[in-house]
Amino acid sequence: MSESELLSGIKSHAQRRLVLVSGRAYPELATSVAHELGIEVLGSDMHTFAGSEIYARFEESVRGADIFVLQSHTRPINEWLMEQLIMVDAAKRASAKRITVVAPYYPYARQDKKGRGREPISARLVADMFKVAGADRIMSVDLHAAQIQGFFDGPVDHLFAQPVLLEHFRETLSREALTVVSPDMGRVKVADAWSDKLGAPLAIIHKRRDPKVHNDVSVHEIVGDVSGRVCLLVDDLIDTGRTIVKAAEALKANGATGVVVAATHALFSDPAYEILQSDFIDRVVVTDTLPVPADKRWDRLTVLSIAPLLARAIHEVFADGSVTSMFDGAA
Ligand code: R5P
């Protein structure tokens, strides 16, 4: 081999390779992301044994690759989390150079602190598990609590869906008589950023949750003027839908002329599909960080694609660009 052949060989070896692999929870999202990136999702052999253990093997070499392991943490979350951990382990043992866990919805994000004695901090446990499996970095959208970034010992790319949602509302929602509403005290900072962006006043709902009855809420009071206003309720996630429906009911009872909901993660656990169609809510707009089956969608629901945002962030990470600059001025 001549010296120049050797040098060009070394150069091509130095070229990094972007690889995207997907768990089985929501492969359509990975396909859309790959499409945006102009690549194919790398094939993998994934199956579940009779005893419910999961098997994963990549169909091509990932040696030296900058690999992004995408999983959407929909139900059954524990199974899909385990699958993603196994995929990360497989990538590590196959000598991938850098492994990024892409978890558009971070599992267990709501268990980010000990609210009461003898509780776990499950969001921290998840970060530890990703690390032990071999993840070098994590990418996620609208973390329920920003401090989760500090749970992982490595870089965390925290993406915001706000630009995607805002673009939609700029085209579809009149700003006249618009009020942005935070459905609880925990969302005030994010709702405030929305109010800035839209130049609309802010109202806050004081929500109460019975710690012994999970997933049930009551509205205590509304701070701010909502009478005669169209209210844009912004939340990071909708699970059973009770928070949003109770908030919408209270807003309408206090004279709101319309209620439009914007949320990033559509967990949509029972009875969300049923109660979100309530007459108190005029429109619900979510992203597809989690799958929303076509046969369960209703006419006042809009699902926006998060794939372009994920693809751009993946490209920025791969190219050593800037993820922060994607969100200048966002929440
Ligand atoms: C609360 O802190 C969250 O931001 C959501 O408002 C809440 O977890 C949604 O749950 P659900 O839809 O079951 O009321």
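A Cβ is built for glycine as well, from the same backbone N, Cα and C atoms used for every other residue.
Here TrEMBL has Asp235, Asp239, Thr240, Gly241, Arg242, Thr243 binding D-ribose 5-phosphate, and the candidate from Arg209, Arg229 in that same listed site is Arg209.
Sorting the binding-site residues Gln111, Thr240, Thr243 by the number of other Cβ atoms within 10 Å puts Thr243 first.
In the structure shown, the C-beta of Asp235 has more C-beta neighbours within 10 angstroms than that of any other entry among the binding-site residues Asp184, Asp235, Asp239. Residues Arg209, Asp235, Asp239, Thr240, Gly241, Arg242, Thr243, recorded as contacting D-ribose 5-phosphate, have a largest CA-CA distance of 16 Å. Taking a Cβ cut-off of under 6 Å from any atom of ligand 1, the recorded positions Lys207, Asp235, Asp239 reduce to Asp235, Asp239. Mapped onto three states, the DSSP output places Arg242 (D-ribose 5-phosphate binding site) in helix.
With DSSP states grouped into helix (H, G, I), strand (E, B) and coil, the domain 'Ribose-phosphate pyrophosphokinase N-terminal' (19-134) comes out at 40 helix, 25 strand, 51 coil. Note: the CA-CA distance between Arg209 (D-ribose 5-phosphate binding site) and Asp184 (Mg(2+) binding site) rounds to 10 Å.
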